[in-house]
Structures are given as structure tokens and as C-alpha cells.
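Annotation comment: TrEMBL describes 12-35, 55-76, 88-105, 111-133, 145-170, 182-202, 207-224, 230-250 as transmembrane segment.
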Amino acid sequence: MEPTFTRKSTEWGGALAAFVLMVLVNALSNVIPFGGQTQKDISDKYPTLFTPDGFTFSIWGVIYLSLTGFVIYQALPAQRHNTLVSSVTRLFILTCIANIVWLFCWHYEQLWLSLLVMVVLLVLLVKIYRTLGIATQPFIWTQRLLLVLPFSLYTGWITVATIANLTIVQQAMGWENAGLDAINWTLLKLAIAAVISAIVILKRHDMIYGLVIAWAAYGIMSKQSGTPEIASAALLLVAVAVMLVAYQGVSRLWKSP
């Protein structure tokens, strides 16, 4: 029986092109650099208590590596009739565009616009996450590696990045002490990250997402070691996320036949 649905080459080819362009623009943005300043230069210009240590951003290498696997996977002939991959790919192309737009907003210090674009990127990733039906759909190991893993990593990191972007906007606008002082604002944001992480780990059984949050919190703890309240709260978030991930891992092993 002939398949009733066939993906167009503009879709799977477009995803490849969009991803390559996104990686290229990311590299050029710091090499040139856009606006005469690197991403780190701008981050250093607006120091906040939510900013993680520099080593934390090495996770981008893992994210890009996993996304490389996805873009190759979605372009394979075996996936040309896969409606799920098609739905994810269309949204993925939009995330690449959002990522590129964010870079220009950030490098030219259009901070409010950068926050808006970051929120759009997060919404698109959440849409992909829900489309995949993580924890509600059975996946074989290749799908877990090439479909689930990339977007668990990416969504987890952009969750943290959105909060960090908001914090930098607060700093730039002089609102870091509006209503609460900077320490309590940061404690509140860490608590929000903890709640989101717990919900995703327990409801979606997504251990990767939880580990990304733990990694970001560890980076915050390292960077903010001079502020005991923040370092302690970040360490607590690391502990909670790791314990919940361990619980999910044990539960999965216990339930497996």
C-alpha cells in the first residue's frame, strides 16, 4: 500500500539549511563580533545573581551535537512519510529562525526584544515537546536518542535562559530591587525553576530535562559562591533535581519487565 503522506524536500531540506545557518550565525556573532561585542561581553555588562559560571554554557556543544543528530535523522528517506517528524521539523525551523533573531537583538542590546524572542523560542520548544508526547508515547531507542534527547536538552536550557534573560532586563532597567531585593528575586526565580523541574520530572518522567536544570543550578552556585544565600539555594536545587531524577530512574527500572 502506497503511503498517503510524503514530506516535501523543502521541509526536511529546509530544516538542514536552517540548522546550518543557525550554527553559522552563532559562530560569526562572536567571531566578528556582531555589534562589536560578544555574548559574554554583554552578559558581563549586566551582572546578575542568576548568571551561571562560564563553564555552564558548554552545554551548548551537547545541544548542538544532539540537534545535528535530529536534523540528519529527519532527513533520512525512512522518515519521509513520518507525520510526527514532519510536525516537529516545521516547528524546529521556526526555532532556528528565533535563535538567529535573538542573536541580533542580544548583540545590539535590544534587551526587551531579546526577551520577547526568547519567550517565543521557549513556546516553540514547549510545543515541540508536547507534540512529541514525551512520557505519553512509546519510543524505540533511536527515537529517544534522536527525537526526545535533543528537545529535552534544548527545552531545559532555554527554560533557564529565559529566566536569565528576564533577570538581565531587570538589571538593565534598574528594576533588580523592585518589590524585592536582588537576592530575594533570585531566590524566587530558583524556586520557580525548582517547581518547573519537579513537574517535568514527575509528570513527564523526563530525567534529561531535570539534569539540565541541575547543571544550570550548579553553574549558578559556582558563580555566586560569594553570596551564601544564592549558593545554598542553588545547591538545594541541584540536590532536589538529582534526587528526583534518581527516583525516576529507580522507578523506571522497577517497573520494567
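Using the three backbone atoms N, Cα and C, a Cβ is placed for every residue, glycine included.
Note: TrEMBL annotation is automatic and uncurated.
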Go through the chain and flag residues at least 6 beyond the ends of the transmembrane segment (55-76) whose CB is under 8 A from any CB in it; none is fine as an answer.
12-13, 15-16, 19, 23, 85, 88-89, 92, 142, 145-147, 149-151, 153-154, 157, 212, 215-216, 218-220, 222-223
Quickly jot the same-chain residues contacting the transmembrane segment (230-250) by Cβ under 8 Å, restricted to those at least six beyond its ends, or write none.
49, 183, 186-187, 190-191, 193-194, 197-198, 201-202, 205, 207, 210-211, 213-214, 217-218, 220-221, 224
Residues of the parent chain within Cβ reach of the transmembrane segment (207-224), under 8 Å, 6 or more residues beyond its termini:
49-53, 55-56, 59, 148-149, 152-153, 155-157, 159-160, 186, 190, 193-194, 196-197, 200-201, 230-231, 234-235, 237-238, 241-242, 244-245, 248-249
Residues of the same chain, at least six outside the transmembrane segment (111-133), with any C-beta under 8 angstroms of its C-beta?
84, 87-88, 91-92, 94-95, 98-99, 101-102, 105, 147-148, 151-152, 154-155, 158-159, 161-162, 165-166, 168-169, 172
